[in-house]
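Student: A single structure is presented below for examination.
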Amino acid sequence: SPVMITGDHPLTAQHIATELGITNDGNLMNGQTLNRLSVQELEEIVESVDVYARVSPEHKLNIVQALQDRGHIVAMTGDGVNDAPALKKADIGVAMGITGTDVAKEASDIVLQDDNFATIVAAVEEGRVIYDNIRKFIKYTLTGNAGELWVILLAPFLGMPLPLRPLQILWINLIADGMLALALSVEPAESNIMRRRPYKPKENIFGRGVGRDIMWIGLLVGIILLAVAYGYWSGDQESLAIVQTMVFTTLAFCRMGLALTLRSERDTLFSIGLLSNKPLLGVVSLTFLLQLAVLYLPFLQELFGTLALRGSDLAISLGLSLLVLAVVEVQKLLLGSRKRA
């Protein structure tokens with residue numbers, strides 16, 4: 001929440017803060033009162049004060065320190081030499097680019113070129129979008145890889161050979177997955193991105209369910225792939241090609257479904273809209289066509305060791321991939337209803 005710290009007269013500060021909506025209850029403290037407070041006393045009341053007036057550079061520094069000691073992440077804006085100590089102390093110092101002094105700019109982490117406070121809000125939103133998309137990229141990539149790992153590790157225990165060829169794995173990870181992950185990284189901002197609390201600075205990127213989702217969704221994909229392999233394996237070499245083709249195709253379709261459903265950690269695919277990320281939708285369509293080409297073009301069949309699947313087999317692969325998508329969507333609904341309750 002914003003706090004005004006100024007050297008201006010208290011009445012001036014109070015009027016401006018009220019006009020801007022920073023304060024409504026007239027909770028103001030001046031420099032004389034600050035002089036009488038110890039460090040501990042300031043820390044105890046700092047969260048209840050919205051406006052500070054007639055303050056010195058030392059006061060500004062002490063206020064920033066008190067907020068940090070209370071566990072807050074502090075961004076400080078300023079333009080003068082007297083703001084430099086607080087700008088340097090803050091977690092993020094923001095200097096004015098037009099009216100700011102060279103000393104203030106040197107002490108800051110960011111220089112605001114247009115001197116517009118709204119630009120800070122836009123920058124925070126963009127930063128949250130980037131961080132969210134990094135989390136989605138990691139979750140998508142590692143979830144699919146976990147599914148591959150499960151099926152490769154467990155298939156021999158069921159008496160089956162490896163259900164994926166090395167070139168098929170390479171195709172999934174580099175060609176199909178690479179394009180899908182890049183398209184996922186340009187996902188637009190979620191609807192509640194500026195209403196939620198910020199992440200803690202030292203929070204693990206696998207926190208808030210990312211690591212959990214990687215494990216259980218990866219296991220779900222692995223179980224489905226194992227079921228496909230076991231269902232098509234008849235114990236002889238002749239069935240190996242159809243097993244590998246079905247597992248390869250089902251995995252590719254599952255990765256497409258995961259790219260769609262992992263676009264949001266909270267909102268369902270239907271609430272954010274299928275068309276809200278057109279680059280991703282285009283890449284999913286392209287990947288689907290490329291997968292069909294690998295299945296039905298003779299020279300690619302020979303290269304990847306695939307067979308032309310019957311319509312019923314292709315429908316099974318698609319249906320199982322949609323099952324993964326549906327399970328993840330149901331999980332979002334359940335988590336959302338639990339939070340609302």
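Including glycine, each Cβ sits where the backbone N, Cα and C put it.
Residues annotated as domain 'Cation-transporting P-type ATPase C-terminal' in TrEMBL: 161-334. The transmembrane segment feature in TrEMBL is assigned to 137-158, 170-193, 214-233, 239-258, 279-299, 314-335.
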Student: Give the nonlocal contacts of the transmembrane segment (170-193) in its own chain as ranges (CB under 8 Å, at least six residues past its ends).
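Tutor: Tertiary neighbours of the transmembrane segment (170-193) are 125, 128-129, 132-134, 136-137, 140-141, 144-145, 148, 248, 251-252, 255-256, 259, 262-264, 266-267, 272, 276-277, 279-280, 282-284, 286-287, 290-291, 294, 304.
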Student: With the transmembrane segment (314-335) as the reference, which stretch in 137-158, 239-258, 279-299 has the largest tally of C-beta pairs below 8 Å?
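Tutor: Comparing 137-158, 239-258, 279-299 against the transmembrane segment (314-335), the winner is 239-258.
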Student: I'm checking region-level scores; what's the whole-number mean pLDDT for the domain 'Cation-transporting P-type ATPase C-terminal' (161-334)?
Tutor: 89
